[in-house]
Structure formats: structure tokens, C-alpha cells
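**Q** Structure below; questions to follow.
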Amino acid sequence: MLASTMPLQRSVAPILCVQPSRALVDEKFTVLVKNLPPGGPFTVRSLHLSEDNDYWEAYGHYVSNHQGELSVWDDLSFGGTYTGREPMGLLSSMRPIPGSRPGLRLRKKDVTTPMLVTISVYCGHEDYRDQTPLASVLTERWHMAPGVQRFPLQENTVRGTLFIPPGPGPFPGILDMWGGGGGLLEYRAALLASHGYVCLALEYFKPGEMTSANQEFSYFETAFNVIKDHPQVKTDRVGILGLSLGSAVTLNLATESSVVEPRCIVCVSPNNVFSQQTSIVGAFGDIFRFPVKHDENNCEIWREMILPLLKDSSRKVKKLRCPMLCISGCDDQNWPAVESVDDVMETLRAVGKDHLLTRADYPDAGHLIEPPFTPHFRATNFIRGSTMEKVVMLWGGQTKPHSEAQEDSWRKILSFLQHNLYGNDHARSRL
């Protein structure tokens, strides 16, 4: 897609090209500007209006080359929300515009519509917000590839949404679970379906309603069987993916359930405080036996409360029967993720099962390791489910290394899933 407007003191209008302008959210794009004055300062900016009506932006300061061109893919940014060569910095470094509400987090709610991002180029490195852009392009970032089907689910008391890839099937299946914030989050499941997996995004409690959580172990077993028994799913090729609290449920399903036999599991920011004998509410009650710590900005830090519980919960890992991939941020301030994986590895090694574990630890990455190019959130608002209290949670991480961790870990997750659920036969749906 091309867009241009007349620049100041130029007879030829600048041309801004974004390719592809319509893509999945985990696909890269190139941003190229032509017909600029050689050696001039310019700002390239992205702008997005969220479904919560908050504006998010990212921008880099560039200098055009001797041909009057600048490339976000190839050139260095000399300032802005990112610096250096950051091909996807216009997405990964997004933040709320100045004056926005504090503690925001950007998450797609309606995955049947695209995330609309306007890319613009401005003259100069200062006061660009007061200018009319030299050129702009509207881009679409999708979680659902063409042909992916979405089915809200209310079967056997399981709450969630099922996503089915295009094609005749059957496909491998994945049970997808998020963490302690609660609610039904569909965007990762939709993206996994776009890569060829029937995926069930599971809700097990609503935001801020931890006390009403579906806390019975059988609820998760039922959810697994809902996807396993679906006619479009290969019954012996079903995996589980969980982040944060969802990873604790994932690990327990793989080690303690007598009816669930996943082909593989993925644990992002892992912890194993939940067990078959302990409800989610009970697990959080154990955590809050210890005092909550705060940083200098009064953000809550939970990792220190959870560390004492690790040794008591690692014994069950001995019963692991399938390959496991663990993704951890070394600056995770919410869970002691790296220490959790250390305990898992030590336990598995003691029983000769360490070959089942693959781990990836990322220096200076935080807790919220999401699909590629998702903005980094070091601290955001959070409703503590046990008390319904609104707090600010410190997740950790630094923007550049955290963004690199998201990109690299997503490649590892897709590779791990393909190896264990597909083998060498995999057709991917693309835009």
C-alpha cells in the first residue's frame, strides 16, 4: 500500500510504503520512505487506538540517506521509543501517548477484527505531534488468518472459545490457558489456529473473581477432553500451553491427571503452586501467607512470596510423561520462573527424565512473554482476585531484551509444537 502527501519545499511528494500492509500479528513488515531531502531528520511514528479507546504510539528518529530514502528495516533510529536498528520497533516499543491513564495494558479483545495501526512520517525530530504528516499508511494486524473459524463454547460447563483452521483436517489440538488476571483471552489461540492447530481458549474465572473460579481439577480435564474428542482433532496429538498460573495448571494436568495425556506441554513464565489437591483459591491463599513486597513506585512484587513454596511443589514433576518446553524471563518480578524451572530440571534429572525438558531463559525479560511484537509492559494495573483490590503489578523486563525474547520464544514454541504435534507434515495458513 502506498500513501503520499506534498512535503514542504519539495516538488516530488514523499512516498511511504509498508509491506505487507495486511498480515498476521507475528509477521514482520518493512517500512520504506522515498523522495525525501537527502541527509534530513525525520520521525517515523505508529499510532493505534485500542478497543479501550486509549491511544498507543511508538516512534523512531531517522536521517535520510544520500538518495533521499530511509528504511526502518535497515537504518538506525537515533532516538524515540526505540534506538538502533529495530525493524519492528514501531510495534514492540508501543506505549500509551503522554497524558494517558496509568497502568494500561494493550490486549486484543475482538479477534475477528484487525488491529489497525497508522504508520506516518514527519519532518524533523521534535514537535512532530503538532505537524501534519508528510505521508501515512493504515496497516492491518490480524490474529485470525483467512478461513479460521471461531466457535464460542458452552459444553459440559466448559467456558471458552474454539478456533479451527481452514482445510479438511483433522488437526492437532491445543488447550490454551492464561493466568491470574482471569477472563477469556482469545488472541493467542486465534493465532495458533492460524498456524494450523485447533485451539481452545479456556476461561476458568472472570477478572477479579478468583473466589468463583472453576477450581476443580476435573474442570480442566473436561476442557482437555472437549478438544481431544472434537471430530476435527487428532485424538493422540493434543498439547497444552499455559502462561503464569495457566502454566501451573498445565504442569499439573501433565503430571497428576489420570485421564489427561497431552502429547506435549508449553509453560511460559512457569510455576507449579497449583495441584490436584489444592484449588486455585487455596494456592493463592498459600502465597499470601507471606507479606507482599513493593518497589519504590508501590508496585507489587510477588516472586519473593512464591519462592518458599517451590520445594514443596516440585515432587510431582517426577510423574511427567511428555516433552515440556519452559520459557522464562530472568527479570520476572511476578513469579520465580527461572528458579521454578531449575527445580523442575533437578527433579527430572534425579529420576532420569531430564531429556523431556527443553528450557529457554531470557536475560532482562519479564513475566508477560507474549507473541512477537506485543508491546512490553513492565508494570500494569491488576485486580488481585483474592481480595478484589486494584493494585499495580510489577512484571519486570526491559523493552528491547523483552521484545527479543518474545520474538525468539515464539519461534521456539511453534517449532516445538510442530515437532511434537505435527512431525514433518505441516501446512500453514497465511494471509
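The first residue you see is number 1, and the count goes up from there.
In case you wondered, yes, glycine gets a Cβ from its N, Cα and C as well.
Bear in mind that TrEMBL entries carry predicted annotations, made automatically and left uncurated.
For reference, TrEMBL lists these features for the protein:
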type: DOMAIN; residues: 217-422; note: domain 'BAAT/Acyl-CoA thioester hydrolase C-terminal'
type: ACT_SITE; residues: Ser244; note: active site, charge relay system
type: ACT_SITE; residues: Asp332; note: active site, charge relay system
type: ACT_SITE; residues: His367; note: active site, charge relay system
**Q** With every protein chain in view, what's the tally of Cβ atoms within 10 Å of the Cβ of His367 (active site, charge relay system), excluding that atom itself?
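**A** A count of 27.
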**Q** Round to the nearest Å and give the CA-to-CA distance linking Asp332 (active site, charge relay system) with Ser244 (active site, charge relay system).
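**A** For Asp332 (active site, charge relay system) versus Ser244 (active site, charge relay system), the Cα atoms are 11 Å apart.
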**Q** For each of Ser244, Asp332, count the other CB atoms within 10 A of its CB; which of these active-site residues has the top count?
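**A** Of the active-site residues Ser244, Asp332, the most buried by Cβ count within 10 Å is Asp332.
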**Q** Check the domain 'BAAT/Acyl-CoA thioester hydrolase C-terminal' (217-422) for me and report the mean pLDDT.
**A** 90
**Q** Whole-number Å distance between the CA of His367 (active site, charge relay system) and the CA of Ser244 (active site, charge relay system)?
**A** 8
